[in-house]
Ligand SMILES: O=C(O)C1=C[C@@H](OP(=O)(O)O)[C@@H](O)[C@H](O)C1
Ligand SMILES: C=C(OP(=O)(O)O)C(=O)O
């Protein structure tokens, strides 16, 4: 049920320099996977640094409803797993809230479990396409019944005797890749997924960490992943790094507001997630990595960002998978840069929590920035400063809300958003952390 409480409006006003050192909450992609793999393993998995955002809490709720025991132990989370094939039928509908990752990865798990389950989500998630997982997963022998247009609510009747899949992804999507691999965990034989371009590889890394056999080889511009089915997943402790997609917001604010210098400690730096940082360097951003290290099997480091007069950038379509969630905030930075930027090949943005291509263009336009959409490209005419003054419609999309609030730190007039409530899906504590750095974000 949608909330009947008033949606909190927030106004962001031009700020004094932002300074300080913060850590951001845990990586959302890794947190979902840690709970899911923990639930499929034998034994107790301890997770430290789990993101306690709405999206991940939905995954925790669903895995509990499927029989896993999940509890908190101080700051850590503990998952007592059921083993592959050991999940039990949920007594009620599984509500995945706002989370595409939770819904699509879970569809993979459910396909190869002998049970009946119904998944739904909020008004945003119920608009998002599920055919991209339903089509390949049908090959396991599971049955899917979806609302028209292959939208949630979705009924899944899983199968005890799942067939292993061989699938080439039509679009680069880590969610679809992961759904196929997760279905393959309980299929007899080898599951093969080919992706046209490399996408985030947290599933592959974590599956290995839990004892599964996964091989990865190059295939053209992409990769071919093979998973041997029916391994015994053994519980394994997981250390979740800070989410680079969340780090992007304080970094952007520091780059925008003159005199700022901000450090984000312990941020994940998996190379399949760092396309934004590559683009920012091309814009001339003062951005450095300190204390680069490996923690919990993932590269992490401290990111230092300082105010820079940015120049325009041309971001190639091939870079999109490594920065897919960062386009709204990059677009804000392009609006503040000097010159015309072109962000290419953004068709996948149309199927996120909102149509992020149109909504990002609208976010900028309402704040006085000249923007065009040409095919799947976003073109932003930056003039070195942003007029601001707009009320941004956030369409149940956390990344639009945070991008608009960061824009308001540097625009001439304050920017407002219509609804701050969705920020908690990925970045609980965003307002407090940003205010702690000196950002000016007030209830409006
Ligand atoms: O696998 C994941 O954890 C994610 C994959 C991406 O989605 P797609 O697979 O749809 O590109 C990304 O946008 C999402 O925030 C998280
Ligand atoms: C697209 C996102 O998440 P999801 O697909 O999991 O809803 C996101 O966090 O920007």
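Glycine is no exception: its Cβ is also placed from the backbone N, Cα and C atoms.
All annotation found in TrEMBL is predicted automatically rather than curated by experts.
Residue 325 (active site, proton acceptor) carries a helical DSSP state (H, G or I). Using a 10 Å Cβ-Cβ cutoff, residue 325 (active site, proton acceptor) registers 22 neighbours. The feature active site, proton acceptor is assigned by TrEMBL to 325.
Packing around residue 352 (3-phosphoshikimate binding site) is summarised by its Cβ count: 21 other Cβ atoms lie within 10 angstroms of its Cβ, all protein chains included. Taken from TrEMBL, the feature 3-phosphoshikimate binding site covers 28, 29, 33, 173, 175, 325, 352.
Residue 175 (3-phosphoshikimate binding site) has a Cβ environment of 22 other Cβ atoms inside 10 Å. Sequence annotations record features per position, and here TrEMBL assigns phosphoenolpyruvate binding site to 28, 100, 128, 175, 356, 399.
The domain 'Enolpyruvate transferase' annotation in TrEMBL covers 14-431. Across the domain 'Enolpyruvate transferase' (14-431), the prediction's mean pLDDT works out to 97.
Taken from TrEMBL, the feature region 'Disordered' applies to 1-21.
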Distance [Cα-Cα, Å, rounded] between residue 399 (phosphoenolpyruvate binding site) and residue 352 (3-phosphoshikimate binding site): 10
Listed binding-site residues with Cβ under 6 Å from ligand 2, out of 29, 33, 128, 173, 356: none
Residue 128 (phosphoenolpyruvate binding site) and residue 173 (3-phosphoshikimate binding site), distance between Cα atoms, whole Å: 14
28, 29, 352 screened against residue 325 (active site, proton acceptor), Cα within 10 Å - retained binding-site residues: 352
Rounded inter-Cα distance in Å - residue 356 (phosphoenolpyruvate binding site), residue 175 (3-phosphoshikimate binding site): 18
Those binding-site residues listed as 29, 173, and which of them has the most Cβ atoms within 10 Å of its own Cβ: 29
